[in-house]
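J.: Please read through the structure below; I'll follow up with questions.
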Amino acid sequence: MDLDVRPQPLPGITRLSLGALSGLLAGYAAIAVAELVSAAVRPESGPVIAVGGAAIDRTPSGVKDWAIRNFGTNDKLVLQLGILAVLTVLALVLGALAARWRVIGSAGVLAFGVVGAAAATSRPDSTGLGDALPSVVGAVVGAGLLYLLIGRLGTHRARAEQPGERTETADGVPTAAGAPSDRATASGTGDEAEDSRWDRRGFIVAATAAAAASTGAGLAGRALNGSQGQDAVASRAKVVIPAPSSSAAPVPRGAALRIKDISPFMTPDGDFYRVDTALVVPKVDATSWRLRIHGKGVTRERTLSFDDLLRMPLIERDITLTCVSNEVGGPYVGNARWIGVRLADLLTECGVRPPSKGGPADQLVARSVDGMTIGSPVDDVMDGRDAMLALGMNGRPLPFEHGFPVRMLVPGLYGYVSACKWIKDIELTTFDAYDAYWVERDWARKAPIKTESRIDTPKPFGRPKAGTVMVAGVAWAQHRGIDKVEVRVDDGPWEEARLAAEDTRDTWRQWSYEWTAAKGGHTLTVRATDRTGETQTEKRAPTIPDGASGRHSVVVTVD
Ligand SMILES: Nc1nc2c(c(=O)[nH]1)N[C@H]1C(S)=C(S)[C@@H](COP(=O)(O)O)O[C@H]1N2
Ligand SMILES: [Mo]
């Protein structure tokens, strides 16, 4: 390749393509620089995370529910890839536009900077105008780069002024007549003459340098962002949770059935479902963490440190957590052994009385470091159940994904009305005065967990062998307890399943049923009855607004 060949004006199609390429490079530079700057502000302030977060905040509940259902915990990855795909297309289009109207391309890049900045500062966890910085700096660099690269392509206008310049063949290749043969004829000014030519060497050098510098900035930003939270990691490593003053009884031996493919009674940490709006898992340093308790009826306001909590009497309890977005038969339910401070005791120390005892506040609003708000009924929290500020999960400090250093748990309530992770503030208020995050998005104010049961084995469309087939699964009705599980084959009678021993009424219960299976296609259905005598309804309800109902069925073919 001879870079010194005398530059020629660009054929239209090539110009457009190089414009699009310039747009892509400018977009890449903008994102990379923003990533680098975000490391100096906060990882959450980068435009992709910010726009993603703002999108999550504004997504209609139905779409979000659909995303959680279809992508599960990958929903966040899918969202970010989607944003990058959209940005790629927009960058290509802006670049192509810039090839025709140089300023418009750069103005477009700046406009996206404004969108990113607005998204970053509008997030509930935004710490101020500084969050706009990554988007703004990235956009300025991207806009400048696009302007510079397009400049290397020569001015479109100067070419248009050339007599005969507009004569192009069908595929956009200008006729020989259109090519200015020397500098002097291009235009009156030397600059314009220079500009009307395409500076191939200049373009290649600038494009290559920009790509390399962007990659460097992006990687450096990634590395810096990735290394953030070291203090939090170190603080977690140092946590020693004292022995509880009230231990959980050992799990009864009969609570965990030895059946292949049944959900383990205790969900291993790595398999425990995760549902939250955080695109970046908050890394909170336990040594500087504080929890403030205040609001209506709080006569002794308190601000507690992590060590303060560690010095209080701790309770250890097995609690099954369930997400309101869990479909009938779905996976968003998990059981763990938690350790923490009894919330009711702490509230009582602060002077809080539940409304049933004349207190003025009926809603407890928990706020997290990432701006989530979760509202729970004060009466439920203080009715004697083991609502807690959990510090530990399965014998270890909480994993970051599950809320380190402290999260709330209220047995019997769906997570979105009880289980605030990365909690930092508790405010006593009323349901009349305040709607929490999900309530603003059409979910119910109050949401006790519905009685449900799930068939874990056989799997849907499984092909068990004729004869004895073990049908088994789990059933839950937290804080009421499960008293009976029944299985039905096709339209036959309900047959009582064998219940595993109960751990507590706040945990799920395994069950099994020995089915004498005849060849052919069959539908297995399960239903549970809780300790109030209520049998799981067959009435199907969607997850919105207060949790799915209906019965789980599995279709199998017996060979
Ligand atoms: N800060 C914060 N806490 C949160 C959420 C969230 O999005 N942000 N989601 C809630 C929901 S909807 C559920 S079901 C539980 C899930 O807890 P897990 O991810 O530990 O299983 O956390 C709750 N606590
Ligand atoms: Mo949830």
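For all residues, glycine too, the Cβ spot is worked out from N, Cα and C.
Not measured: the values here are computed from a predicted model.
What TrEMBL shows for this protein is this:
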type: COMPBIAS; residues: 158-169; note: compositional bias 'Basic and acidic residues'
type: COMPBIAS; residues: 530-541; note: compositional bias 'Basic and acidic residues'
type: DOMAIN; residues: 280-438; note: domain 'Oxidoreductase molybdopterin-binding'
type: REGION; residues: 158-197; note: region 'Disordered'
type: REGION; residues: 530-559; note: region 'Disordered'
type: TRANSMEM; residues: 12-34; note: transmembrane segment
type: TRANSMEM; residues: 77-96; note: transmembrane segment
type: TRANSMEM; residues: 103-120; note: transmembrane segment
type: TRANSMEM; residues: 132-150; note: transmembrane segment
J.: So if I exclude everything within five residues of the ends of the transmembrane segment (132-150), which remaining residues of that chain have a CB under 8 angstroms from its CBs? That is, six or more out.
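T.: Residues 19, 22-23, 25-27, 29-35, 37-38, 40-41, 45-47, 50, 94-95, 98-99, 102-103, 105-107, 109-110, 112-121, 203, 206-207, 210 contact the transmembrane segment (132-150) from elsewhere in the chain.
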J.: So what's near the compositional bias 'Basic and acidic residues' (530-541) in sequence-distant terms, Cβ-Cβ under 8 Å and 6+ beyond its ends?
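T.: Distant contacts of the compositional bias 'Basic and acidic residues' (530-541): 328, 450-453, 477, 480-484, 505, 547-551.
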J.: Summarise the compositional bias 'Basic and acidic residues' (530-541) by DSSP state, stating how many residues are helix, strand and coil.
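T.: Here the numbers are 0 helix, 3 strand, 9 coil.
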J.: On average, what pLDDT score does this prediction assign to the domain 'Oxidoreductase molybdopterin-binding' (280-438)?
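T.: 97, rounded to a whole number.
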